[in-house]
Amino acid sequence: MARQGSGAMLASGGLGFPPQNLARVVVWEWLNEHGRWRPYSAAVCHHIENVLKEDARGSVVLGQVDVQLAPYIIDLQSMHQFRQDTGTMRPVRRNFYDPSSAPGKGIVWEWENDNNSWTPYDMDICITIQNAYEKQHPWLDLSSLGFCYLIYFSSMSQMNRQTQRKRRLRRRMDLAYPLTMGSIPKSQSWPVGPSTGTPCSCPQCLLVNSTRAASNAILASQRRKLYPGAVRQSSTFAGGALWPAGTGTMTVAGGTAKGEGLRVPGGAFAPNQSLPNGAPLPGLNNLNRPGTQRAAGLGARAAIPPGVPALPVKNLNGTGPVHPALAGMTGILMCAAGLPVCLTRAPKPILHPPPVSKSDIKPVPGINGICRKTKKKHLKKSKTPEDVVRRYIQKVKNPPDEDCTICMERLVTSSGYEGVLSHRGIKPELVGKLGKCGHMYHLLCLLAMYNNGNKDGSLQCPTCKAIYGEKTGTQPPGKMEFHLIPHSLPGYTDSKTIRIVYDIPTGIQGPEHPNPGKKFTARGFPRHCYLPDNEKGRKVLKLLIVAWDRRLIFTIGTSNTTGESDTVVWNEIHHKTEFGSNLTGHGYPDPNYLDNVLAELLAQGVSEATLKD
């Protein structure tokens, strides 16, 4: 089944812009750390559009329309979502869809998670499911969208093609997304420039972004060949180059490496030509056949000719995020350009070290102990929210005539939270200046921001992210172990390895969590992470121990990988979980990782100065 438009627009006159009188549905989306654009609800999108009409450079307080989004603010000028309690910033964009599609009709497709609650699909998946449903297809294969699921409409269920696990599916009616008229620009995301906020550049996110960009470019090229009269705007941002400059190797990233390899000799072939042994060349028609059939059709495996670049393609059997058609089309495009190519089976990631006996496990030099446990920490009763705010600010008698970046009202007027929030001793017109950075806000706005956060006795400046006090998180109780193993990481052959083992059991959410009193899950524990045993690696370990004690390593939220809510997830501090390779972006070699994680720890208020205290 062909993939439906993910923010796609058919061109008028070949320019990629609709005529002035053409309506489009507006969907606002935010970018998660896996490179997937997640849509806001229709009600939130209506709210954002209303604010946009009044002030295109203002900000949107999402809590005004959805209580669960109370900590979030969207800055329309920089096109970023800011979370007030953690300081996390994510790009947002304004995307457009056909009015006859699912968002234009107010149709939402959702799947049932492990907590018996419902999780909405990404917008492009929702549109694809709805189109198949309207055409009365009995089932739908989502592998072309990068997901190994089958949708069965008769039983309203979703089945994982790898595990055969089934989940319930439902279709419900909701508020239709807002409409807009006239010429529509390309989907807007983050600004471009060194100081305007760029997407995450860590290896994990770059891997996902480059994969998406490569897939998009190849599929778009095929569409242009098949339908020369139509131009489709890509809904994903520009990623890395398809292959590095000056090299002859091209890699398509995916999940676990399975399936047989395809080998295509150099030279250009038409889609219907055959190989010398009579086997048909994999073209557009037979690319939909299973990977084993295509491999068998090419005959016996042959050695790769010298000088021919290898193209490691994962998931040729269609069980991962890269569809088998992508591999075939890549080979066709390279052959059509006169480039020789071999599609081979990609290597498997090495997730764990060789077995280690207990006698070979040693304490980390310079680190006291081998284990840390955490329990819930409670705020001292003497620290009321008013006390915390007053502790870090200086009152300003004559504030400048500029915006308070929390409520977006002028500092010379009353706070935008007047009438919404009231506290004795704090008048809505009072303005304070933070001691370190000097940024000014209404006292009532700072109080509202603090009450929306963890209430741990610390403040974080919304403008420069400076932290006042000791920032703590909402990590559930658990155990952190760390020790030395006699094996080396790639890129650190002269050093042993520090292994960190995190273990968090399932439990009940506390008052600081999204759904107090409700059970939370803890998937994938114990989790093993790795650092080189050198001076900088031991420094990172010491700081990670501090972050663990402050409950900053994990939090409870929604998994961006599975979509499951009320589960333990990573909390903005990247870890390396792949021991002997870096195929997934979560391993070594990665020469910048230690510096990157030190910067991430610093952003959470965990610095070298902490170790001296």
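Cβ atoms are placed via backbone N, Cα and C, with glycine included.
Here is what TrEMBL says about this protein:
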- 14-94: domain 'WWE' (DOMAIN)
- 95-171: domain 'WWE' (DOMAIN)
- 404-465: domain 'RING-type' (DOMAIN)
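Across the domain 'WWE' (95-171), the prediction's mean pLDDT works out to 90.
With DSSP states grouped into helix (H, G, I), strand (E, B) and coil, the domain 'RING-type' (404-465) comes out at 9 helix, 12 strand, 41 coil. Per DSSP, the domain 'WWE' (95-171) is made up of 20 helix, 29 strand, 28 coil. Using DSSP to sort the residues of the domain 'WWE' (14-94) gives these counts of helix, strand and coil: 19 helix, 29 strand, 33 coil.
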